[in-house]
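Input: a single structure, listed below in structure tokens.
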Amino acid sequence: MLVVGSANMDLTVQAKRLPARGETLLGGDLATFGGGKGANQAVAAARLGASVAMLGCVGADDFGAQLRDGLQAERIDTAHLHTIAGATSGTAVITVAEDGANTIVVSPGANARLAPDHVEAAREAIGAAGLLICQLEVPLDTVLHAVALAARAGTPVLLNPAPAQPLPDALYRQIDFLILNETEAQLLSGLPVDGPASAREAAAWLLAKGVQTVIVTLGAQGVWYAHGGEAGHLPAPRVEAVDTTAAGDTFVGGFAAEHVRGASLREAIEFGQQAAALSVQRQGAQASIPTQAEARARTASGPAALAAR
């Protein structure tokens, strides 16, 4: 599969709680982790068993070199990871509370320089991929071009519309899998989303726009999914969360890896859930992502009443 997206260096500080507006808190030691939604999803898919290539941009700085090395250490093809002279690498400043909640502010840096020309240069790789994965931490025009090339080539498209922004109507009709959380589902649909029942309504709206499959992640409330006449709710595995930073990206990577192996929709969702459940019990973004063996062992030990209804 080919991931088109961002690569950031995450600067993370643990605190007892998230600060209120205008408040200064003392936290723990600063930790640095490879991150960015694109890179996180690429690492998750690779670590969970898929063959992955990454299309993105990093700066000509130490963070950029570390990000490239980190992806290569996961056996991710970085032939289309461009180093941009004069640009800094993307950076995210993250505060993580004791209950696992977090706030994230991203400086896009070189990610904002990923252009349609970079996508055009990867046309052959897009056509050969078993799945194209995109997010919205890079320019929308670049994502639109990548999706259009994939659609022409017959390559399935998975879009994780984060951070959320309004999307052109034509894009919905080119999306095979739309994976989004409740906040993103609410922004796109204009409907309130706070649980399975309301996620069902938002998913129906998105299907009507032309999306083939909609998967709404609801945190501790599980997942609502819909595809044609098939729809259901899968409860979340019960775990004690330490850091939820990479939960969504781990779910996307796990789902994608299982999908390209030929799993059913429900099986791929369940695998993504188990991988995400492992990730929230660890600190960091990419550092928290489990291996395929770990996710398989958790799935085999009992998927916590994952019954659709």
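Backbone N, Cα and C atoms are what each Cβ position is placed from, and that goes for glycine too.
If you look up TrEMBL, you'll see 2-291 marked as domain 'Carbohydrate kinase PfkB'.
The DSSP secondary structure for Asp249 (ATP binding site) is helix. Around Asp249 (ATP binding site), a 10 Å sphere centred on its CB holds 30 further CB atoms from the protein chains shown. Feature annotation from TrEMBL assigns substrate binding site to Asn8, Met9, Asp10, Gly36, Lys37, Gly38, Ala39, Asn40, Glu137, Asp249.
The ATP binding site annotation in TrEMBL covers Asn181, Thr217, Leu218, Gly219, Ala220, Gln221, Gly222, Gly248, Asp249. DSSP assigns Asn181 (ATP binding site) to a strand. Within 10 Å of the C-beta of Asn181 (ATP binding site) there are 21 other C-beta atoms, taking all protein chains into account.
What TrEMBL records for Asp243, Thr245, Ser279, Arg282, Gly284, Ser288 is K(+) binding site. Using a 10 Å Cβ-Cβ cutoff, Ser279 (K(+) binding site) registers 33 neighbours.
Under the heading active site, proton acceptor, TrEMBL lists Asp249.
Annotated region 'Disordered' per TrEMBL: 289-309, in sequence order.
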Closest of the binding-site residues to Asp10 (substrate binding site), Cα to Cα, picking from Leu218, Ala220, Gly222, Asp243? Asp243
Nearest to Asn8 (substrate binding site) by Cα distance: which of the binding-site residues Leu218, Ala220, Gly284 is it? Gly284
Among the binding-site residues listed here (Asn8, Thr245, Ser288), identify the one with the smallest other-Cβ count within 10 Å. Ser288
Of all the binding-site residues here, Lys37, Arg282, which one's CB has the most other CB atoms within 10 A? Lys37
DSSP three-state assignment for Leu218 (ATP binding site): coil
Would you please pick out, from the binding-site residues Ala39, Leu218, Ala220, the one with the fewest other Cβ atoms within 10 Å of its Cβ? Ala220
A correct count of other C-beta atoms within 10 Å of the C-beta of Gly222 (ATP binding site) gives 21
